[in-house]
Amino acid sequence: MDKTLKLLILCLAWTCSFSALRCAARTYPPVATNQDQVIKFTTEGATSQSYKQFIEALRQRLTGGLIHDIPVLPDPTTVEERNRYITVELSNSERESIEVGIDVTNAYVVAYRAGSQSYFLRDAPASASTYLFPGTQRYSLRFDGSYGDLERWAHQTREEISLGLQALTHAISFLRSGASNDEEKARTLIVIIQMASEAARYRYISNRVGVSIRTGTAFQPDPAMLSLENNWDNLSGGVQQSVQDTFPNNVILSSINRQPVVVDSLSHPTVAVLALMLFVCNPPNANQSPLLIRSIVEESKICSSRYEPTVRIGGRDGMCVDVYDDGYHNGNRIIAWKCKDRLEENQLWTLKSDKTIRSNGKCLTTEGYAPGNYVMIYDCTSAVAEATYWEIWDNGTIINPKSALVLSAESSSMGGTLTVQTNEYLMRQGWRTGNNTSPFVTSISGYSDLCMQAQGSNVWLADCDNNKKEQQWALYTDGSIRSVQNTNNCLTSKDHKQGSPIVLMACSNGWASQRWLFKNDGSIYNLHDDMVMDVKRSDPSLKEIILHPYHGKPNQIWLTLF
């Protein structure tokens, strides 16, 4: 009897262990192989929704983990060659189809199959021809996959090549035909790369394609789209190598009007258009996503921690953290002051690896650990060490770990002394690092591709029109969203409860209901209330945007349109 019981217990333990291992394995999605189910998209009867589902499936297959809550491709050093490629089947209304091979380590198109023949870009990895399209007759194309080479062979730039369903339908038919026209091959591959790979990388680009499908109109890439395509590696590197919310190098994008957009911080609103990053390195001591298996994380490249950026710190009403009157004597107060036209010492702060924040070699220091204590400049060696330590969170909060209090600009007046306060995610407690502290001006697209529009103190959705001032919004360093018609008015939830309408109210109080975070899931998130902006009942005719718990449906998805 005892032996039987022991045997039963042993079997149960083995079963539970195996089950636990199996369940744990499910936590980590396997890297896709070209033998897995092919992702498909057809232009026949295509809708913006079917295209969205295709892009979401492609993103999911390409995702290897999360860094700073943003999906990232697998680290190339952890991917076996046999698992390096996935295939996408594209078909058109004439029932012609091709398969496209994509490298999971960079989301590049490396080859395509047309019937019994396959064609590999000149710079395709050597292993691509081994693992992609077995049993086909293989050919090497005369050009590589870079836009520079593709444009040379196409005798057209990306700006000159139309995108949309008609262009994709033609691309499928032409490549399926096996015609030997290299110029047209290059042109059609530019179409496919942008409508698949680039759309998987950026929400902005997938949105442009989706609008094109919904309206039945072709489009050419605008300057904003091209600048995103040209800076994917830079944006990915900026996010992953960021120190205390700050990029190691500015990333210069372009607006649709060809105005420079300087992205220098994780909390910059444009980072939210990234849907999928190139893997560059793992941030040191970062909390890794559960998608990343521990052994893989340990083998992955770790970002350098030696970088110590010197930057401005922008906050309430776009003012800068400033050493009062350029005085560096111990105990001199720190104030909020208009950011100067030139970079000057008393508004420049070095974010040190020891968690101190220094100006002219002296430390930003809290006078004490009670709410309301003022913040001062102090000699780093003689100050109480814990009073000089700060963490800058991805959401723009600057916190003193010892006290758990946050940096706050309680006064709306220029020259107001900065203090530490209980963290309530107030607008006056929001900050953004970087030397470009100007508001980012953009339109904001939402449900049914309509744009957010100010109408007096009300806010609703209307047909997008770049020329309408009512649809232009200034996104400030404090997390506020302001109508460019009157930047003293902020988007504000009337109350802290579900269903509260979003309206325009005076920014002067710096409330929590006026601080917003653009997230990579497409939501505009209120940190204090843990809710997001929501088009009421998914019905723009109600002319009401409300506060609502996040569920991820289309009426909660927003996008800055540069």
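We count from 1, first residue shown onward.
Cβ coordinates are placed from backbone N, Cα and C, and glycine is handled just like the others.
The signal peptide feature in Swiss-Prot is assigned to 1-34; the stated evidence is similarity to another entry. Marked as active site by Swiss-Prot on the basis of similarity to another entry: Glu198. Annotation source Swiss-Prot lists N-linked glycosylation site at Asn234, Asn395, Asn435. Residues annotated as domain 'Ricin B-type lectin 1' in Swiss-Prot, with sequence analysis given as evidence: 307-434. Annotation source Swiss-Prot lists disulfide bond at Cys320-Cys339, Cys363-Cys380, Cys451-Cys464, Cys490-Cys507, citing sequence analysis. Among the features that Swiss-Prot reports, repeat '1-gamma' is placed at 403-435. Residues or ranges marked as repeat '2-alpha' in Swiss-Prot: 448-483.
A map of Swiss-Prot features onto the structure.
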residue : record                      : contacts (Cβ under 8 Å, 6+ apart)
Glu198  : active site                 : Ile205, Leu228, Glu229
Asn234  : N-linked glycosylation site : Asn249, Val251
Cys320  : disulfide bond              : Arg312, Ile313, Gly314, Ala336, Trp337, Lys338, Cys339, Lys340, Gln347, Thr437
Cys380  : disulfide bond              : Thr356, Arg358, Gly361, Lys362, Cys363, Thr388
Asn395  : N-linked glycosylation site : Ser267, Tyr425, Leu517, Leu527
Cys451  : disulfide bond              : Ser443, Ile444, Ser445, Leu461, Ala462, Asp463, Cys464, Asp465, Gln471, Leu561
Cys490  : disulfide bond              : Met427, Ser480, Ile481, Arg482, Leu504, Met505, Ala506, Cys507, Gln514
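With helix defined as DSSP H, G or I and strand as E or B, the repeat '1-gamma' (403-435) counts 3 helix, 11 strand, 19 coil. Minimal Cβ crowding within 10 Å, among the disulfide-bonded residues Cys339, Cys363, Cys464, Cys507, is found at Cys464. Taking Cβ-Cβ distances under 8 Å and a sequence separation of 6 or more, the neighbours of Asn435 (N-linked glycosylation site) in its chain are Asn250, Asp264, Val311, Arg312, Leu343.
Across the range of the repeat '2-alpha' (448-483), the DSSP-based residue counts are 5 helix, 16 strand, 15 coil. Taken together, the residues in the repeat '2-alpha' (448-483) have a mean pLDDT of 97 on the 0 to 100 scale.
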